[in-house]
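S.K.: Here you go, one structure.
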Amino acid sequence: MTSSDHVAGREQETARAHAVPRADADGPPPWVAVCGTPVAVVQGSWSGRRGVGSDDVCPRCREQAPA
Ligand SMILES: [Zn+2]
């Protein structure tokens, strides 16, 4: 998969960034990241500063969804 296949999601409690499959993010919530964590918000490109560029990035999502 490429980065365009994922969007950045944010976990409500921790604000940690996760990768959400774009096809899922286009649909209604709840959304689940590729690591299995539910995310409360989807907010733009996984390859951007709200995804892998953010301060707290889920290591499992980074592994499974290279940006
Ligand atoms: Zn994750």
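Here the Cβ of each residue, glycine as well, is placed from N, Cα and C on the backbone.
Here's the feature list from TrEMBL:
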REGION    1-28  region 'Disordered'
COMPBIAS  7-25  compositional bias 'Basic and acidic residues'
REGION    46-67  region 'Disordered'
COMPBIAS  57-67  compositional bias 'Basic and acidic residues'
S.K.: Please list, for the region 'Disordered' (1-28), how many residues fall into helix, strand and coil according to DSSP.
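M.R.: Result for the region 'Disordered' (1-28), in helix, strand, coil order: 7 helix, 10 strand, 11 coil.
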S.K.: With DSSP, how much of the region 'Disordered' (46-67) is helix, how much strand and how much coil, in residues?
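M.R.: Final tally across the stretch: 6 helix, 1 strand, 15 coil.
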